[in-house]
Amino acid sequence: MIGSINESPIEEHMNDSPSTKEKADSVDISDYIVSHSDDSLSKDIKKDTKSFLDVEHGEISTVDEFEEDSPYPEVRAAVPPTDDPSMPCNTIRMWTIGLIYSTVGAAVNMFFSLRNPTVTLSVLISELLAYPALQIWDLIFPDREFRIGRLKFNFKPGPFNVKEHALIVVMSSVSFGNAYSTDIILAQRVHYKQRFGFGYEICLTLATQLIGYGLAGLSRRLLVRPASMLWPVNLVQCTLIKTLHRKDLRNAVANGWRISPFRFFLYVFIASFIWNWFPSYIFQALSLFAWVTWIRPNSPTVNQIFGESTGISILPMTFDWNQISAYILSPLMAPADALMNILLGVILFFWIVTPALNFTNTWYGDYLPISSSGIIDHFGNSYNVTRILTKDATFDLDAYQNYSPIFMSTTYALAFGLSFASITSVIFHVILYHGKEIYDRLRDPPAPDIHEKLMKAYDEVPFYWYLSVFLAFFGMMMGTIYGWKTETPWWVIIVGVIFSAVWFIPIGIVQAITNIQLGLNVFTEFIVGYMYPGRPLAMMIFKTVGYITMTQGLAFAADLKFGHYMKLPPRIMFYTQMIATIWSCFVQIGVLDWALGNIDNVCQADQPDNYTCPNATVFFNSSVIWGVIGPKRMFSGKNTYTGLQYFWLAGVLGTILFWALWKKWPQKWWGQLNGPLIFGGTGYIPPATPVNYLAWSGIGLFFNYYLKKIFADWWQKYNFTLSAALDTGTQLSVIILFFCLQLPMVNFPDWWGNDGAFNTLDATGAAVRKLVNESAGEFFGPAEW
């Protein structure tokens, strides 16, 4: 599978099914706490990392001669308990390379997001390529101070260092992701024929991207500083920087393995780069190895049960790291209890509940695929949204009643229910499991860990800086909706921001511990559909403010934790995040406007170069369904999916039950059940299928439970290095394949592994047990709607 996932590809037609994820357990889980006294490799690593941050500068600031370290083995494996406050990082070198990378990444990702299939430059690729860029800079520029009047500067204030490298990673992180507002702009300009101009586009983008930054800064006491807020995604980035910069660390033997982390990274990187050519290009059947469907390719039941494209993946197999890590990142980053809870959720809801519903014809499952993210009419065809719109793109009730209600596959409908359950579950989970901890931390912060102690060497960003950012861009958002004819009242923005703020801490805690984020996308669409129906633009704006404010804010919080681990001065972090984000907004809007003005038939289904704007099309369809048709016609009264409303209550009751089991039997496996993860951890199904989650959780449990328990030294030395190597090798291979072969339409010679293996009902999306004869006037579903 060439390409990568931007937001949640789950936004297929009806847009997102629950883009969820999360977890949480008591922060004091014994699985995370490891005694220092018997951790020999940990001691070796402490000795080795003693010089990690002083490559260029003498002594390192430490506490108690390195005897103090993080209580979490994950952090000890990736982050040295050291710092050198004198290390320069606010340098011309850092700003130049960082802004170049931000510009290229934002422009490339924006441009190719308009194409199907797409390709995405990831932050890990930026992190990897920044290393040789910094080396080349040092070869070109002298270490010499220049003066212009009273201004002094140096292009090379010593050899490049880890802090400069880390700040470039931060700038890439905030600029590489496509702004959600660009989908609003595309929907307006292409489908609704509204063009408000560059001023509107840039104000909308800046406001929606940066309101969340204020929330991130205001939540530092709860989401960034506590040692228990691990943010596992950062540990891989820290490990990669450490691996690249310190090839000479003392090479302690780990369970018989003597190879250095750098050489280990290099070998795995090369192997994954080469291997990806097979499932992505040479032998694509390796990606979704649905071998049972090859035996019975035309059996709807076999393809529904064993299929891996539109089935429920019984006997799952994949040999493609893209399939394993594309939706919820590398499994080597997730804690074992999070992996187990998500695995339980997949088995319960998609191996037991889904076939039980589908094969009893619940929600007319006989006539629908068992797993698909499309919306379907009562003839079994893709739902034709244009048939229910007037010429000015407003809802035509008569046309709707003369056409068809909306139907969904069983997994898609169930995913909405699970999204409802996860929204209520996360609130009750955080109150029950973490409420006292939050209260105590706000009232009397606990003693800092070693990393927080080391950060005291730097001036903190004042509270009012973040508050000012929040208020400034909130004001810009208000000015945007009234400065242009958006038909969006002020209270829609306020309610959207309140939604983000209320769920920011609960979802942030879960994400910081488990690396799984629960999304508010479905919830915001659902609420605005009831609250302000018939206003598609208002729906899109509310969703962006209510959902992206939280998502973007949590991404900023994750970067703040990365800076915390890498001992980056907080005020320099503030400047780099703000400047890179603002600059990337201008870059993305510039690229978008250029593409709309210079690519013929852009965003049209017949565009010859495949610049069909798939995300924007899905976003438009979503605005019609939620903003025009509205959830009332799907989830209320006697409509087909009304029963899904009970999942709100299921999320509450399930979480209370799991909490009671935890209080009674905290050491038993049933005491570790986690409501938000069980209900919401599978939020990318569909378009993901169970094979993505089963392979992900299986590999994750092998490394983060079995190897961590049996071969702890090996795990601590190599686990995150392995994750970084697999990700970067695969992603770089995907990029080269895309630009060198896929973009110029150079296909591998036809053979069964790229052709015949996909001639199944599962692969073609046609695994349906019953069909209707539309020409004879047959249809399924209710007689009236």
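Glycine residues also receive a Cβ, built from the backbone N, Cα and C atoms like all the rest.
What Swiss-Prot says about this one:
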- 10-26: compositional bias 'Basic and acidic residues' (COMPBIAS)
- 1-28: region 'Disordered' (REGION)
- 167-187: transmembrane segment (TRANSMEM)
- 196-216: transmembrane segment (TRANSMEM)
- 264-284: transmembrane segment (TRANSMEM)
- 339-359: transmembrane segment (TRANSMEM)
- 461-481: transmembrane segment (TRANSMEM)
- 490-510: transmembrane segment (TRANSMEM)
- 512-532: transmembrane segment (TRANSMEM)
- 537-557: transmembrane segment (TRANSMEM)
- 611-631: transmembrane segment (TRANSMEM)
- 642-662: transmembrane segment (TRANSMEM)
- 683-703: transmembrane segment (TRANSMEM)
- 732-752: transmembrane segment (TRANSMEM)
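Here the transmembrane segment (264-284) touches the transmembrane segment (732-752). Their Cβ atoms form 3 or more pairs under 8 Å, with each pair 6 or more residues apart. Contact check: the transmembrane segment (461-481) against the transmembrane segment (683-703) gives fewer than three Cβ pairs closer than 8 Å, residues 6 or more apart, which falls short of the contact criterion. Of the Cβ pairs linking the transmembrane segment (490-510) with the transmembrane segment (339-359) and spaced 6 or more residues apart, fewer than 3 are under 8 Å, so the two regions do not touch. For the transmembrane segment (196-216), the neighbouring stretch richest in Cβ pairs under 8 Å, chosen from 167-187, 512-532, 537-557, 611-631, is 537-557. Residues 6-7, 11-16, 113-116, 118, 178, 182-184, 186-187, 190-192, 375, 385, 388-389, 393-395, 400, 406, 525-526, 528-530, 533-540, 595, 599, 602-605 of the same chain, all 6+ positions outside the transmembrane segment (611-631), place their C-beta atoms under 8 angstroms from a C-beta of that stretch.
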